[in-house]
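Colleague: Pulled these from TrEMBL:
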- 659-668: compositional bias 'Polar residues' (COMPBIAS)
- 677-689: compositional bias 'Polar residues' (COMPBIAS)
- 1103-1139: compositional bias 'Basic and acidic residues' (COMPBIAS)
- 21-98: domain 'Ig-like' (DOMAIN)
- 100-192: domain 'Ig-like' (DOMAIN)
- 206-295: domain 'Ig-like' (DOMAIN)
- 300-387: domain 'Ig-like' (DOMAIN)
- 393-474: domain 'Ig-like' (DOMAIN)
- 477-562: domain 'Ig-like' (DOMAIN)
- 572-673: domain 'Fibronectin type-III' (DOMAIN)
- 675-772: domain 'Fibronectin type-III' (DOMAIN)
- 777-876: domain 'Fibronectin type-III' (DOMAIN)
- 880-980: domain 'Fibronectin type-III' (DOMAIN)
- 659-689: region 'Disordered' (REGION)
- 1103-1156: region 'Disordered' (REGION)
- 1173-1216: region 'Disordered' (REGION)
- 1072-1093: transmembrane segment (TRANSMEM)
Amino acid sequence: MSCLCGINACVRAHLFSVSQPPVLTQPFEVMTSYTAFYRDDIILPCEASGNPPPTFRWVKDGRTFGSERTGSGTLEVSEDEALELYQGTFRSTDLPTYLPQPVLLKQQKLRREAYVGESMVLTCNPPPSSAPPQIHWMDKKLVHIRQSDRVMVGLNGNLYFANLLKSDSREDYFCNSHYIEARTILPDTAIALTVLPSNDVAHGKPAQIFHPSSSHSSVLALRGQSLTLECIPKGLPTPKVEWKKKDGKLDETGGHPENHNRWLYFDSVDQRDDGEYECRASNVHGSSVHSFTVTVEAAPYWVKELQNLRYAPGETVRLDCLAEGIPTPNITWSINGQPLSAVDEDTRRRVSGGVLRLTDVLLSDTAVYQCEATNDHGSILLNAYLHVVELPPQILSSDGVVYRITEGGTIKMSCETFGSPRPHDWAPLLSDPRVSLLTNGTLELSDVGPGDSGMYTCLIKNTNISINAHLEVFNKTRIVTGPQNVRALRGGKALLDCYFRKDPRLPRYQIIWRKDGQKLQESSPDDKYTIFANGTLKVTDVQSKDNAAYSCEVITELDQVTAIGSITVVDPPLDVTLSDVKDDTLTLSWIPGRSHNSPITEFIVEAKEEQHSRRHDGDTWRWEALKRVPADFNHLQLSLHPFCTYAFRVVAVNQLGPSEPSQPTPLHSTPPAVPHNNPTGVRSESSDSGTLAITWDEMPRRSHNGQDFQYKVLWRKAGGKTERWNHGYAKSPPFSVNNTGTYVPFEIKVQAVNALGEGPAPEAEIGHSGEDVPEEFPSDVAVRVMNRTVRVRWNEAQNVRGLLLGYKVLLSLHEDDGILERAKEDDKVVEVKGRKTTAEVTGLQLFSRYTVSVTAFNSKGESPASPAVHFSTPEGVPGPPASLLFESPTENSMLLYWTPPLQTNGILLGYMVQYQQEVKSRDSPVRMEIIGDPSVTHLMLDSLDPRSYYTFQVIARTAAGDGQPITRRNATLFDGVPPTNITVMPDKTSFNLSWVPGERERNHGFHIDFLKKSAGGQWEESEIVNTSQGFYSLTGLQPGTEYHLVVMHGNSTQWESARPSEVSGGFATQGWLIGLISAIVLLILILIILCLVKRRKGGKYAVKDKEDKEVDSEARPMKDETFGEYRSLESDTDEKRSESQPSLCGDSKLGSDDSLAEYGDSVDIQFNEDGSFIGQYSGRAPAPAGHESSGPASPDNTAPPPPIAPSMSSILNQPS
């Protein structure tokens, strides 16, 4: 086949030559029942496409029906054919069913009688038909019988009366059956209903369920179909019906009440509608319930459908046909219309439920594959054409297409291909769960984000054919502040916001405002609508016609967002008037304003009282809500306080909020009267001894009821009913009575009085005069000691002279000298509330002497303390030793020394030392040393393995037992040797030597021997250098001269320089440097002065600070005074420091006092409590005098800083 019209045209021409399977384009609906009364009722559409053109055949009741057709498969009835011929089943689908015309048999007129208030049902019996008719109850004039919650037609067509009225009597109740398919209406026999009067109407009848008649119904519903639950009640008065879901919430289902709540209707049933439902009919005389059990099942429906597929020979085909239903459907397969069981077996074909797998496909496997799912409720069928063909690959989609989308959207990038096998490949992208590859090669990317921007490539494997697509992701347009629900006053203005954000790369946008869906046209600034640059809409002269929903739409090139608000105009009530005015009552009336399509729900009556609530800040009086009135009332009777001046106004409220208030009424004043009540909260608040202070809650001014208002205060001693009442007057509380004695009970009462008289007689209360400090302490204090707890008992205090608030238990610890110090931290004070006379004090120190005393207290203070009771706590186990330090004289020995426990809790008897070697098997024995002398706080351990770490524990002991241990982990130190790897850096008159000290090695002193490589040169020896220094400067050398350096260890050479080292040549003798050196010397002098000033101010170096923090205050004297016998001989030779050459700041070596060279002893190494070496900075002894290193004298001779040696704590804490 030749092609001269380009690639695409050629490919499309090739496509037309490829065979295409038949595809139904207009099939009849599956599982549809047709009822035919006439020939033209039967038109069964069946159209299909394919290459070559398909042929059609029909199957009726399992047999071929009619001849094979071409062009169109639609089945119609010819005029010469009998309609009965088409009755039957076509391809497992119930299709035309012929029934003769329904015929109504003649019946006599029915007559029914009943009494007023009784229930009644008029039955309807339409002729049988496969298509149920629609029922209409009418009179002889074909006027529908009016339905209500009292009268309604049930689902079965019967007419139900919940209770009868006299007006229900009539001679012409007709049940008309409307057969839609037959286009016929048949009336049933007329029913005459006579309603007789009754005397029982006044008594009423309780609510009952009229239909269904049983108490429970079970309903089977199919998914996707509609469902109606019916509950028709009877009773007088007419019952109300309520629905609920017994095992859930009704609003979470698809059901909603209809037909006066008599029906619960489900438009499309799904699984959430399964469950228990209940309808309850009720009236004032009783209630009745009916329950429904709804079981939801489902006819088969597709979860994953078959697709037409094209494969190349040798590929593996998987056909997925997944269906669900209740009960679970059975899936069967057919090939070219023949069941799989009737087709020859093929080992390449495997079926597993809804999956058919065909391996190593051949050209002969090209066929139409059918999948059918069947259960009790029906069946569904799918066809898929499997085309096995070999075609050359091509990409039909255009190259370089730019796709634009906003974030969060879904984009489809086309890569339409032609060929078999399918050539498209987006493989690197398919690992992203957001990416889907459609069967036509389109790449679908969902939830697009900014990171997805870029170029995408679709390619054909094993070829150089590909296309590129460019994706640009833009920020989503968002409305930040949308229009609100605005309430506006008539004639005012309303502002609706529309603030939004968009991608700056989308310059073109449009803002459209709509009112109730209709686009608003912006007018001039003085007219109705104005849209500002920021999107805000202004509506002026708001009237009732402006009540509406307003939407703001922001439209860009790629997206569109909408926000909705509204404007509501609520008119305030009108013409608020006063009527029926009496001394303390009146009636308030008003005319409701218009609600503007938002019904008024209530009115709020507000009032302000101006005579007694005048504000002192010059502001107006405050309006207060007085009462809320239902919307169907427009008046309210009010009770008012005497001697007040009122104004009233009314506010209307709907679901959107309150309106503006009405105009206030004129001021109305009420006449004075005697007080209606007395003050509340009468009580005594006496603070001074011998004084009774009476107080109360002041009455509001509006309760004074007249002028000259004051309080009459009455009092007398309690218990004396014959005592005369004393009284006095006060304008406000409190009221004081003197010379009453200490804490004496009184009867007190307060009465309101004004110019017209006294209020009602008040009730008496009990009050007390003022308290004083308790005079007597609690007696008979006794203690019971239980380990660290003491229980204290005492007798109740007498002569408290007030209300007893409680007791205080004072516990003091005795020092060794016997002096009781109340201010010590160890003292305890336990407060006991109320009249309780026991207390427990915990947390006492063991093996200690205490005293305890008790005081009573009231609001005035404490009584004297009771006589002290002495007791002692028993002896207990001691605490852990306060510290544990280490020294390692040799590789096989460790010296432990510790300090006694801070809390001995008894008499120390000695110590127990335990130590255990750490091995991988963790089963090494624990060795133990017992020390019977408590004054001995050190121990030397020998024969230790230098290759292992040990765990050490020291435990103090008393007669009560062993205390808690202090535990540390450590290891011995190896014998030190001189370094074997030294780095040499030459300077003008010196060599700077550096090395890394060995791990877990004791300090070792050595000499550096050096020989000048010139005539007459002799070996010289440096001062003693410590291995822990890590750095040394060999000074005093001649510039430009070679030297040979050697480090000896005994009689052997430990290290020597690989080649002669040469000191840098000097140029200080050059004349041109004299001026420069002078300037440098001057700068050095200035720096020295600055250093001296800094040191005078107390500045410290960081290392010095660390030394101050880490060195244990007890470590040095213990080392120097107690354990001197364990010091090595090497440290005895290192007693003095060299003082020959100052550093830059005058008194430091190699830059500062904190140089590592200053701390260089060999074995005098100590540990902190955590096991780290104290000697990390401070435990080294100085080198002997006369062999010090010469520090640099000027910046020209500056030595590099020494390398930082690893700390001893980091070395020892490393695992062996």
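Glycine residues also receive a Cβ, built from the backbone N, Cα and C atoms like all the rest.
Each of these features: where is it, how hidden is it, and who are its neighbours?
Modeller: Counting same-chain residues at least six beyond the ends of the compositional bias 'Polar residues' (659-668), those with a Cβ under 8 angstroms from any Cβ of the stretch are 487, 489, 570-574, 576-578, 581, 586, 588, 590, 593, 606, 610, 623, 640, 645-653.
Per-residue pLDDT, averaged across the domain 'Ig-like' (100-192), gives 84.
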Colleague: Any chance the domain 'Ig-like' (477-562) and the domain 'Fibronectin type-III' (572-673) have 3 or more Cβ pairs under 8 A, given the pairs are 6 or more apart in sequence?
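Modeller: As far as Cβ distances go (cut-off 8 Å, pairs 6 or more apart), the domain 'Ig-like' (477-562) and the domain 'Fibronectin type-III' (572-673) touch.
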Colleague: Test the contact criterion for the domain 'Ig-like' (300-387) and the domain 'Ig-like' (393-474): 3 or more CB pairs under 8 Å, pairs 6 or more apart in sequence, then answer yes or no.
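Modeller: Checked: the domain 'Ig-like' (300-387) vs the domain 'Ig-like' (393-474), in contact.
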Colleague: On the DSSP side of things, how many residues of the compositional bias 'Polar residues' (659-668) fall into helix, strand and coil, could you say?
Modeller: 0 helix, 1 strand, 9 coil
Colleague: Would you list the DSSP helix, strand and coil counts for the residues of the domain 'Fibronectin type-III' (572-673)?
Modeller: 0 helix, 49 strand, 53 coil
